[in-house]
Amino acid sequence: MEFSVKSGSPEKQRSACIVVGVFEPRRLTSVAEQLDEISGGYLSNLLRRGDLEGKPGQMLLLHHVPNVLSERVLLVGCGKERELDERQYKQIISKTIKTLNETGSMEAVCFLSELHVKGRDTYWRVRQAVEATQDSLYTFLQLKTKKGEPRRPLRKMVFNVPTRRELTIGERAVEHGLAVSLGSKTTRDVANMPPNICNPMYLFEQAKALEAEYENLHVDSVNEKQMDALGMHSYLAVGRGSVNESIMTIMEHKGGPADQAPIVLVGKGLTFDSGGISIKPGEAMDEMKYDMGGAAGVLGAMHTISALNLPINVVGILAGCENMPDANAYRPGDILTTMSGQTVEVLNTDAEGRLVLCDALTYVERFDPELVIDVATLTGACVIALGHHATGVFSNHNPLAHELVNASEQSGDKAWRMPLWDEYQDQLESPFADMTNLGGRPAGSITAACFLSRFTRKYNWAHMDIAGTAWVGGKEKGSTGRPVPMLSQFLMNRAGIESED
């Protein structure tokens, strides 16, 4: 897919299709009015006849509009002008792209990027349009024998900006949007792979493939024998029931000075979670291939920052593991000694992600990090609390939490800060060990974060629970690519990347 920006009037555009908006009720945007004028009132006559009301997402594809150089004009309903917000804008762009792709318009000039969106500028509108386009066109066809692709798919999009002085901003937005989309696609491709293909070794191989592509990226791994020597017995216990070896992949992006403390991202990489001995119900268990969504998100974010070659140092950890029932599997009642030396009583083997992450979070102390962010499909409780719209953010450092929430607002990849109060720590008490791996039903996402917080006392840390946002079920089942946009924005902010650079 090719993207570009230009600044010009619609009547001078020669393309397969021009895309312009119509507000509700039946009111042409200023750009559409220019086309209406040169066509002798052709568009306004259609609206008077009631062919298009202008409701959000309505589409009307016109062929051979009088005096218009382009073959087609796509009228897009944008709703009420004063009510156009971020969510509606992205939905309109997505539906527009799907319509263009399905109707044989191989290229188009889109003027929707000139629409006024509350509190958003040209950079945001163009970048979100690029990301929404790539998201709308995403397919996972690698394992299908019949691909079912459109005969004449959309191949080129031009987004118009209001003035020539905004061309540089628009070009920057395209560059950033493409890099974020690249990372999101990597995340989705890896997460959508079935667990008989995507195992911990597969995660490592995908990281190595990126290493071959980018000069500043170095990839290494820690195998089970090395984990044992390091005392990572909690991590090892989770994978004991699987024939697939646990592998922790280490990705290092070295874009900053050698003495710059790195930002560390740690992704939970349970490539399949059966629940272990505390086995899950059969319904929707297939979706537990997405329990490596945290690792997939970190892999995608590392792809984005490598593509942008951000001038900072970032370490990405993919904590690969598989939780299966077996004669060798760990059991409820077991007491595990973690890499930190703290002991954990296992109450439920399906609360395994935190047992993998706690050792990974201890391991990363060796990098003397500026900060650490772990990303995990950790708890169903977070889905109950926040649904499928927002990622839960927990942190032991207020400025870091604010930075992450700010990045979520900038990127449109929504997040909400959750409490991490000492009162919740009491729910983890054990009569036999330093703590249990389960805090009971109340506040399940918070007690899981409290568990992790006991292994992060040596650095500033945030935990992102993406259980509700990493994938969707049902007819449109698949990975969402989140939280790559949010993580990428956070890292771009840290690198001092601005829209005008």
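Positions of Cβ are set from backbone N, Cα and C atoms, glycine also.
Features of the protein shown, as given by Swiss-Prot:
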- K280: active site (ACT_SITE)
- R354: active site (ACT_SITE)
- K268, D273, D291, E352: Mn(2+) 2 binding site (BINDING)
- D273, D350, E352: Mn(2+) 1 binding site (BINDING)
Do you know offhand how many angstrom separate D350 (Mn(2+) 1 binding site) and K280 (active site) by C-alpha?
-> 8
In which DSSP state, out of helix, strand and coil, do we find D350 (Mn(2+) 1 binding site)?
-> coil
DSSP state at D291 (Mn(2+) 2 binding site), helix/strand/coil | helix
Among all the protein chains here, how many other CB atoms are within 10 A of the CB of R354 (active site)?
-> 27
Out of these binding-site residues, D273, D291, D350, E352, which one has the fewest other C-beta atoms within 10 Å of its own C-beta?
-> D350
Which Cβ among the recorded positions (K268, K280) has the fewest C-beta neighbours inside 10 Å?
-> K280
Show, in sequence order, which residues other than K268, D273, D291, E352 on the same chain lie with their Cβ within 8 Å of the centre of the Cβ atoms of the Mn(2+) 2 site.
-> V238, L270, M288, M292, C321, N323, G353, V356, A376, T377
Measuring Cα to Cα, tell me the gap between K268 (Mn(2+) 2 binding site) and R354 (active site) in whole angstrom.
-> 9
Reading the DSSP string in three states, the entry for K280 (active site) is coil
Compute the centroid of the Cβ atoms of D273, D350, E352, then list the same-chain residues not in that set whose Cβ lies within 8 Å of it, in sequence order, for the Mn(2+) 1 site.
-> V238, L270, S274, G275, G276, S278, K280, M288, D291, N323, T349, A351, G353
Could you state the CA-to-CA distance between R354 (active site) and D291 (Mn(2+) 2 binding site) to the nearest Å?
-> 12
Could you tell me the C-alpha distance between D291 (Mn(2+) 2 binding site) and K280 (active site) in angstrom, no decimals?
-> 13
At the level of the C-alpha atoms, what whole-angstrom distance separates D273 (Mn(2+) 2 binding site) and K280 (active site)?
-> 9
Hey, how far is E352 (Mn(2+) 2 binding site) from K280 (active site), Cα to Cα, in Å?
-> 12
